[in-house]
Ligand SMILES: CO[C@@H]1O[C@H](CNc2nc3cc4c(=O)[nH]c(N)nc4cc3[nH]2)[C@@H](O)[C@H]1O
Ligand SMILES: [Zn+2]
């Protein structure tokens, strides 16, 4: 088995659990947050810095790398691990989501999706087989089935037909996948319709994937609706296989996702907001670019021990960001990633000590939104 999951501790009162994910590039503790490195780099970070802060698995993206520099070139460089000099875990998203969020003039059919590249407008086509071939060439440890992320909102009938096609596509990906050192995860769809979510779980679990992602969430729906879908869907997934919630990465959603039994998360949020000068802290966000911090010589987050918070002040980081100095966005990125990775470690510790409900309550008492 390329990737396997060991359930270490189940919370006695909620769906939260602590586990271990065994991959060809290492063993990683779950719940885990996976920094996003869309174009084969986690923006502004070196691999050594990512290692130093404890990142275990990072994401890259089929859609982007297929368009540039091309999967064949990455394969010549020894796959993504060789190309980006990263020897820990890599997961690639299959491109379905990005075709819809980035590509233009998309035409979806049973065969696949025709679209124009957002880079040069050239005509492109991705099918389940092509997306699987690209991911085999990129060489990630975990690859995703090619799916359509049902948009929000979506009519019941559209959600049903799209989800049924995603299941047929998942079967085609499974048939096309021919790398024993890679795990292919299925992606649950179903929109915001509980019976479609159940049908998607039933159909994909019958295809027996080594892990399952929950797709079609964090797409602009109200958070309570995302939580309702998680509460309904996650318990129906096999307990001994990893569950991956795609596109989630704010502390509130991470706590709730862990509570429902999610093991893996990814999101561009922490690195994206860092680049526009927003720091994540235990009590919410701090927009360090704001004038109020011009003479504030305290660290971003008084409770943080990251390289940024040990050495630099809000005033200095604000100055760097206002002056568009590259170090500015590097320092905020270091802090945000360190903050989230440490937050996951604290949650795992609480689960191991069977005090997750108290940890969650404490979090909500302190957290002031977003
Ligand atoms: C709300 O923030 C925006 O939304 C994205 C995060 N939310 C998200 N939901 C996703 C769903 C899927 C899916 O159903 N299938 C596949 N293959 N990949 C997915 C990737 C996803 N990412 C950020 O990029 C941000 O722009
Ligand atoms: Zn910090």
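Just so it is clear, glycine is given a Cβ too, placed from its N, Cα and C backbone atoms.
Among the candidates 232, 335, the residue that TrEMBL names alongside 304, 306, 309 for the Zn(2+) site is 335. When 124, 161, 189, 236 are compared with the substrate site residues 93, 94, 95, 96, 97, 147, 216 in TrEMBL, the one appearing in that site is 189. Note on TrEMBL: of 266-270, 271-275, 276-280, the range annotated with the feature region 'RNA binding' is 271-275.
In TrEMBL, the region 'RNA binding' annotation falls on 247-253 of the listed ranges 247-253, 254-260, 282-288. Put simply, 93 is the one of the recorded positions 93, 94, 96, 216 whose Cα lies nearest to the Cα of residue 266 (active site, nucleophile). Across the structure, residue 94 (substrate binding site) and residue 304 (Zn(2+) binding site) place their CA atoms 35 angstrom apart. When the Cα atoms are compared, residue 189 (substrate binding site) and residue 306 (Zn(2+) binding site) turn out to be 37 Å apart. Tertiary neighbourhood of the region 'RNA binding' (247-253): same-chain residues 33, 97, 217-219, 223, 226, 262, 265-270, 280, 282, 340, 343, 363-364, 367, 369-370, selected by CB-CB distance under 8 Å and a gap of 6+ residues from either end. In the region 'RNA binding' (271-275), helix, strand and coil residues by DSSP number 5 helix, 0 strand, 0 coil.
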